[in-house]
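Copied over from TrEMBL, here are the features:
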DOMAIN    A:47-121  domain 'Phosphoribosyl-AMP cyclohydrolase'
BINDING   A:94, A:96, A:98  Mg(2+) binding site
BINDING   A:95, A:112, A:119  Zn(2+) binding site
């Protein structure tokens, strides 16, 4: 972890952080940045996850997405169990450097643990009365894999 | 705020949360969900922000993006100062309901306070040695507005 943190530049002034070319991530109180993951094929948002310094460093170094699992409190090489790795096509960081955007090739076609391509398979209707009912989207609602099979005995 | 929270369904079982049609957001310890904002025109990720229950309820109700500003600790109707509102074209929620994805029409063309269309205007080269230098992207590096003018006297 200390090695990973040493990869990054120190946080500088606001101008340096926003306009500079030093990678100086702002990890939150839990040591994490937010990672938005899109499908390089069509730009659909596949998932939102988190990276600690080690996960970010490994993602940059290997070109394969690594995260920090907040539920398991462990480094998480996405696809290690299912085989459905994410090959990173492009990685970007935002203005204040507390979020990254990665465009990935999703091996196996599904990023969501429910078996769907994207975690964002339900739409919230706008202008709705209190407690609107969600709508399944046509494009993302179908299962790409069966979780019961893929995660069996794992 | 209490009214806003009453809009949402109670958190149920894992299956209800992931497969059901009840909107039951999981707000974190600070009362927030993550919001990923993309440009409805081409799918580019414009910014990442956060919504509390009130901001989420207002976004659903009005179709205009509202967030919670963590720095100002206040409800934030995006564009209230600059005039650059975000009209929500579609709002989706993810499997465990702790993140939303909104596709927006960005009035004024720029979502980032630095004057750029997207907050993600710098690329992190992959496979790089420690502390890689960021690269300005060709498409997002130019200013759409001049922050000094837009935010003048505000």
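Using N, Cα and C of the backbone, Cβ positions are placed for all residues, glycine too.
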How does the domain 'Phosphoribosyl-AMP cyclohydrolase' (A:47-121) divide up by DSSP, counting helix, then strand, then coil residues?
13 helix, 30 strand, 32 coil
Which residue, out of the binding-site residues A:94, A:96, shows the minimum number of other Cβ atoms inside 10 Å of its Cβ in this structure?
A:96
Taking every protein chain in this structure into account, which of the binding-site residues A:112, A:119 has the most other Cβ atoms within 10 Å of its Cβ?
A:119
Among all protein chains shown, how many Cβ atoms are found within 10 Å of the Cβ of residue A:98 (Mg(2+) binding site), not counting that one?
17
Given residue A:98 (Mg(2+) binding site) and residue A:112 (Zn(2+) binding site), what distance in Å do their CA atoms have, once rounded to a whole number?
23
At the Cα level, what's the spacing in Å between residue A:96 (Mg(2+) binding site) and residue A:119 (Zn(2+) binding site), rounded?
26
Does residue A:95 (Zn(2+) binding site) have same-chain partners at least 6 apart in sequence with Cβ under 8 Å from its own Cβ, and which are they?
A:17, A:18
Quick one: Cα separation, residue A:119 (Zn(2+) binding site) versus residue A:94 (Mg(2+) binding site), in Å?
22
Return only the integer: C-alpha distance in Å from residue A:112 (Zn(2+) binding site) to residue A:94 (Mg(2+) binding site).
24
Averaged over the domain 'Phosphoribosyl-AMP cyclohydrolase' (A:47-121), what pLDDT does the predicted model reach?
95
